[in-house]
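Participant: Per TrEMBL, the feature active site, proton donor/acceptor maps to Glu269. The domain 'Histone acetyl transferase HAT1 N-terminal' annotation in TrEMBL covers 18-180. Positions annotated as domain 'Histone acetyltransferase type B catalytic subunit C-terminal' by TrEMBL: 279-330. Look at TrEMBL and you will find Trp192 tagged as site 'Interaction with histone H4 N-terminus'.
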Amino acid sequence: ENLFLSGLTAMEKKLAEYKCNTNEAIQLKLVRFPEDLEDENTTFNPEYSHQVFGDDEVAFGYKGLKILLYYIAGNLSTLFRIEYTSKVNEKFDCVEADDVESKIREIIPPGFCTNTDDFVSLLEKEVNFKPFGMLLHTYSIHNEEAGEDITYQIYKADMTCPGFREYHERLQTFLMWFIETASFIDVDDERWNYFLVFEKYNKDGATLFATVGYMTVYNYYVYPDKTRPRVSQMLILPPFQGEGHGAQLLETVHRYYMSSPTVLDITAEDPSENYVKLRDFVLVKLCQDLLCFSPVKLMQGFSQEMVTEAQQKLKINKQHTRRVYEILRLRATNMGDAEQSRSYRLDVKRRLIGPYKKKQRELAKMRRCLRPEEMTNQLNQIDLNLQREQLEESFQQLVSDYRRVLERLAQA
């Protein structure tokens, strides 16, 4: 029996060496020049791979596994290859390696290259690639490394643009690697709008376009004749993150819908923390010059006037307008002044306590049915102390988020 066990552990040790972390194994690239293929610096990795490889984010059966997914920078033509130094053998090891290839094939559209030569010859045709749809906005950002200003453009596209459907299929595969709960959308539904960011770059004297990121927005119908656009997915590709493209994109999208009389306001589906921070910044930037947000009016508290003006002029909904008000009021408040800071704290906490109070009422109802009176009072007392702590914590967290927004605004 001991022999059997020691054999087992040796086998286990051996098999453990054949496990690879898929976030490290998957190597992504956006390729502009042939030399990018060999350049380690142009490689980036997924943040997530659980949707393709399971919660452990592990592929079994390979040593030194590399899953290469290289994309041509503009039209995203794809090279897909798998490399490894060794692989378990069913005859010899009595176990089978994971079928990595079919897992990747499930999410990338057909028509990819499998060898580098084909990919490089496609790269030469990239000069013909042009952005899809209608140009909405052009901006430039100074790049320290290049020592020059780089120009970016934002386009609005739809499925009627020739080639866009196929391009979008390649583009959306990035969602799997960078959005925790990504899903592909039904592109045959005509109520989707697509907003795309491109960088202009030079190659051998020609101007080419590289994909930077994109946003999908769904136009919900509101009776009788309005729509309520809802931001569904937004992704700035990792090589471009932290440069301000998200803010440019969101502001451009807002401005696009602002010009439409049938749009009520803009919402978002299940927004991430980062998206909320970005939206706070963009909306505060748009709102700060509205008359209803003058310092005098901010000090008088949140008003219907703010809700109406932000919705009519900027297509901002009530909930988001409330946050904008709190951020702008913080800027106008001298937090060193006891009276001003107390007034601010009470104002924000009154909003924060809303959900608690609702929960409290529901609990009280339940307890009336279940328990004698004196117990209820004791429990409520415990709840209140806990609630005060949680409220204070939420408040402090909010204020620090708000300060970051104001710092960014001061630099903008």
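Here the Cβ of each residue, glycine as well, is placed from N, Cα and C on the backbone.
Where the annotation comes from TrEMBL, it is an automatic prediction and has not been curated.
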Participant: May I ask which residues of the same chain, at least 6 positions away in sequence, place their Cβ under 8 angstroms from the Cβ of Glu269 (active site, proton donor/acceptor)?
Facilitator: Tyr218, Arg230, Val231, Ser232
Participant: Tell me, how many other CB atoms lie within 10 A of the CB of Trp192 (site 'Interaction with histone H4 N-terminus'), whichever protein chain they belong to?
Facilitator: 17
Participant: Per DSSP, what is the residue tally for the domain 'Histone acetyltransferase type B catalytic subunit C-terminal' (279-330) in helix, strand and coil?
Facilitator: 41 helix, 1 strand, 10 coil
